[in-house]
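So that you can see what the record holds, here are the features copied from Swiss-Prot:
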type: SIGNAL; residues: 1-23; note: signal peptide
type: DOMAIN; residues: 26-86; note: domain 'LCN-type CS-alpha/beta'
type: DISULFID; residues: Cys40-Cys60; note: disulfide bond
type: DISULFID; residues: Cys46-Cys65; note: disulfide bond
type: DISULFID; residues: Cys50-Cys67; note: disulfide bond
Amino acid sequence: MKISLVTWLITALCLMEIEEIDGDTPGNYPVDFQGIYYECIVYNRCERDCKIHGASYGYCYAGVCFCEYLPDENKNFWDVMKKQCDYMNN
């Protein structure tokens, strides 16, 4: 009985981990001041670029940066800069 309970618990934990890794994480692909996606094939600066856009984490996916939990209103570089200027002026 204890062995089957332990086996069930380990299986459940493994499935939860797979869900976390393989689950669809909401996010967005940020664009620079020219409206172009940040490329990351040569220089992977996704974490830095995502932090500029207000996201806490980013990584290279299919040759461009993807930022986890990046809202649509922070996707464009100029929208982020405008928010910062508005914040400084108030």
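A Cβ is built for glycine as well, from the same backbone N, Cα and C atoms used for every other residue.
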Query raised in the report: In the domain 'LCN-type CS-alpha/beta' (26-86), how many residues does DSSP put in helix, strand and coil?
Result: 20 helix, 16 strand, 25 coil
Query raised in the report: Closest of the disulfide-bonded residues to Cys60 (disulfide bond), Cα to Cα, picking from Cys46, Cys50, Cys67?
Result: Cys46
**Report entry** Among Cys40, Cys46, Cys60, Cys65, which are disulfide-bonded residues, the residue with the most C-beta atoms within 10 angstroms of its C-beta
**Finding:** Cys65
Report task. Could you measure between Cys46 (disulfide bond) and Cys40 (disulfide bond) for me? Cα positions, answer in whole angstrom. Result -> 7
Query raised in the report: Do you know offhand how many angstrom separate Cys67 (disulfide bond) and Cys40 (disulfide bond) by C-alpha?
Result: 12
Query raised in the report: Expressed to the nearest Å, what is the distance separating Cys40 (disulfide bond) and Cys65 (disulfide bond) at their Cα atoms?
Result: 6
Query raised in the report: Any idea what the Cα distance is from Cys65 (disulfide bond) over to Cys50 (disulfide bond), rounded to a whole Å?
Result: 8
